[in-house]
Amino acid sequence: MNEAIEPLNPIAFQLGPLAVHWYGIIIGLGALLGLWIAMRESEKRGLQKDTFIDLVLFAIPIAIICARIYYVAFEWDYYAAHPGEIIKIWKGGIAIHGGLIGAILTGYVFSRVKNLSFWKLADIAAPSILLGQAIGRWGNFMNQEAHGEAVSRAFLENLHLPEFIINQMYINGQYYHPTFLYESLWSFVGVIVLLLLRRANLRRGEMFLIYIIWYSIGRYFIEGMRTDSLMLTDSLRIAQVISIVLIVLAVAAIIFRRVKGYSKERYAE
């Protein structure tokens, strides 16, 4: 294999002058599947069927905007010189941590307005959010981004990857670590773990906090392999710092809520 390898077309189809990118389609698919799972579970937990539809109508656009703002803020030198690029979200460049912040804030405000338990909503949504993240990483794959350091083709073949993944990791004459795949698989496993934990009937809020811990552990280690990380300093990756902070806060929240008796209600209640 050599420079003749052609990458997959990031554009799915054209609607007149409008190019519809696989990136957006894949993220949309992840959101729809996540919504379907959350709706099924919410009915079992005594919530109205449309609760998560109403929430998602606000949460998804706000999360995407926050994810973009987060990314642009840490790449401001580039975007200050190219302001027209700020709105070109279809090219990639959204940060999951920024989206998570937007989604949590939206969920909290929504729960207050609707007089619902924030923790109950968050617990139900946790597997859906992680599923959306797992699927969404394949949008990065189509854009040939969120990859790791340079590797040999033999290394990728030893991972027994399908040929289409190996070929897509051939970028500008070099093969790269498919870190998008590592994070996607980690997230898919996390979805299974969370679905199994539903049977344990954990204290309310702990399902969501375990999701935070699970995702952050994987993100910390995988981020260290990436070459396109947002950097706080020359050697400090923002996502790794945020991941550590989230792990500490989530563990502390579980302990604090148990000690103070704030988590007496169970997931199924």
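Numbering starts at 1 and runs along the chain as displayed.
In case you wondered, yes, glycine gets a Cβ from its N, Cα and C as well.
The annotation transmembrane segment is assigned in Swiss-Prot to 18-38, 52-72, 89-109, 116-136, 177-197, 205-225, 236-256 on the grounds of sequence analysis.
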Of 89-109, 116-136, 177-197, 205-225, 236-256, whichever stretch has the most CB pairs under 8 A to the transmembrane segment (52-72): 89-109
If we skip the immediate neighbours and take only residues 6+ beyond the ends of the transmembrane segment (116-136), which ones have a Cβ under 8 Å from one of its Cβ atoms? 26-27, 29-31, 33-35, 37-38, 41-42, 45, 47, 51-52, 55, 96, 100, 103-104, 107-108, 110, 183-185, 187-188, 190-191, 194-195, 202, 204-208, 210-211, 214-215, 263, 265, 267
Within the same chain, the residues 6 or more beyond the ends of the transmembrane segment (177-197) and with Cβ under 8 Å of it are 126-127, 130-131, 133-135, 137-138, 140-141, 145-151, 156, 159, 161, 165, 169, 207, 210-211, 214-215, 218-219, 222, 225-226
